[in-house]
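Here is the structure we will look at.
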Amino acid sequence: MNWDDETTTPTAADARLVAPAADGEDSAVEAALRPKSLDEFVGQERVRQQLDLVLRAARQRGATADHVLLSGAPGLGKTTLSMIIASEMNAPIRITSGPAIQHAGDLAAILSSLQEGEVLFLDEIHRMSRPAEEMLYMAMEDFRVDVIVGKGPGATAIPLELPPFTLVGATTRAGLLPPPLRDRFGFTAHMEFYEPAELERVVHRSAQLLDVVIDADGAAEIAGRSRGTPRIANRLLRRVRDYAQVEADGRIGRKVAAAALQVYEVDTRGLDRLDRAVLQALLKLFGGGPVGLSTLAVAVGEERETVEEVAEPFLVREGLLARTPRGRVATPAAWAHLGLTPPQQAQGASGQQGLFGT
Ligand SMILES: Nc1ncnc2c1ncn2[C@@H]1O[C@H](COP(=O)(O)OP(=O)(O)OP(=O)(O)O)[C@@H](O)[C@H]1O
């Protein structure tokens, strides 16, 4: 297929193979693919080393581990690490999320039923309600909460002692956490996107667990298209496995992986149909920009928000598109990636470029 001649319009509603968030199938398979110990956890060397120290020290002291805050994009392994923390501390784990805790009472119910040493994993901690957040401050610091009974002037605070526990908070938006909450974590780790070599190790490990034969080139081909994200690497591996089974002899090498991912429209840099449609419109219709977001969105037949929130972050991260005060601009890497030559005037003196739309 020649993607440059693509004429059909993608819709964001299409389930994206390269979406970083988990889909239904991921949830079913991920449990089997999760590393169970720090040793098995691939990459994130600095985080691993630091966490190893925190956990070993706590174990030596016979104490509960400090509260841990994990920040980073979806699919980088925050849930996996929280489970590893529990397993390394030989402790049970309770999993919940910020949006599930809308009232302080919801949190009080969870906290009061924790066992000593238990790990409480609170995903999307930045989305907790304010009253619950304030209750959490005291719980984290003093292992105590005040449960308010009644309303108005008659309301009474009943203090409730909690067993020591380890809170593992996860967030994609560390900047949104109020400082008093952030300060109560003893250890904070920011998880980075993975290097291709690390993703190759993830792919090899998952292939082994899924009983799939894959060679080094096949793993490299999948890793290179996985947008720095283990969840995406695992998802692409599963789709390539299907292709290898149906169209080849079941084994995955470079050719099979490339052919499979071409069918699924994930290109060599991990761009999918929507990403490419945005770049193509920017280059072919608007000479590389600057062009306003709304105009660009109309050109690809998508909502403004879809272009801005679904396609652009990765294109910006990859250095293919820049957001400027005058509009969206393609970088030289974008022209090179799509195999197109920038028009003469785009290379000329500043001020020569046209401004399209708003
Ligand atoms: N370092 C790693 N080594 C091997 N596999 C990993 C690693 N990190 C993540 N994975 C795999 O990627 C998948 C997604 O990981 P996980 O659910 O922990 O991500 P997450 O950061 O919690 O995502 P979300 O923010 O969407 O909840 C899991 O199947 C896990 O097996």
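Note: Cβ is positioned from N, Cα and C throughout, glycine not excepted.
Curation does not apply to TrEMBL; its annotations are automatic.
Annotated ATP binding in TrEMBL involves Leu33, Arg34, Gly75, Lys78, Thr79, Thr80, Glu141, Asp142, Phe143, Tyr194, Arg231 plus, out of the candidates Arg184, Arg239, Arg241, the residue Arg184. For ligand 1, the neighbouring binding-site residues among Leu33, Gly75, Thr79, Glu141 are Leu33, Gly75, Thr79, by Cβ distance under 6 Å.
With DSSP states grouped into helix (H, G, I), strand (E, B) and coil, the domain 'AAA+ ATPase' (64-195) comes out at 49 helix, 36 strand, 47 coil. Within 10 Å of the C-beta of Glu141 (ATP binding site) there are 12 other C-beta atoms, taking all protein chains into account. Arg304 (DNA binding site) and Thr79 (ATP binding site) are 31 Å apart (CA-CA, integer value). Checking each of the binding-site residues Leu33, Gly75, Glu141, Phe143, Tyr194 against Arg304 (DNA binding site) by C-alpha distance, the shortest gap belongs to Gly75.
For the binding site of DNA, formed by Arg304, Arg323, Arg328 according to the record, the largest Cα to Cα distance is 14 Å, rounded to a whole number.
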